[in-house]
């Protein structure tokens with residue numbers, strides 16, 4: 001019985017298969033291209049293996065400058081009881097610094113102005129980055 005397991009045997013149809021494989025093709029698919037691994041491209045990033053391109057942040061100071069101006073202009077309009085959001089925020093900073101070692105109370109208006117002002121600033125910077133980079137890279 002041990003001899004039957006030790007002898008090489010082939011399953012009919014698999015051992016000596018003469019079936020040739022043809023690449024899958026369809027009229028719905030583009031012509032087949034060999035997929036290239038970007039990590040294996042010679043000299044793609046100076047011989048180092050990276051998963052992201054080196055300039056992934058795509059930092060541009062135009063976005064920061066225009067975004068800050070784009071937020072300071074509307075937040076400086078006196079729309080809240082004759083005062084602007086920027087003015088209220090900076091005034092609340094001054095009143096909280098008047099008693100400096102003591103932190104602002106949780107009921108202080110400082111927290112409302114801080115969160116509102118920075119939320120508007122970060123939204124303006126985010127949309128500015130999307131719009132500026134989308135325009136320079138021809139997304140729209």
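The backbone N, Cα and C atoms fix where each Cβ goes, glycine too.
From the options 40-60, 61-81, the stretch Swiss-Prot describes as transmembrane segment is 61-81. Beyond its flanks by at least six residues, the topological domain 'Lumenal, thylakoid' (82-109) meets 72, 75-76, 116-117, 120 of its own chain at Cβ-Cβ distances under 8 Å. Residue counts for the topological domain 'Lumenal, thylakoid' (82-109) under DSSP, helix first, then strand, then coil, are 15 helix, 1 strand, 12 coil. Each residue in the topological domain 'Stromal' (52-60) gets a DSSP state, and the totals come to 0 helix, 0 strand, 9 coil.
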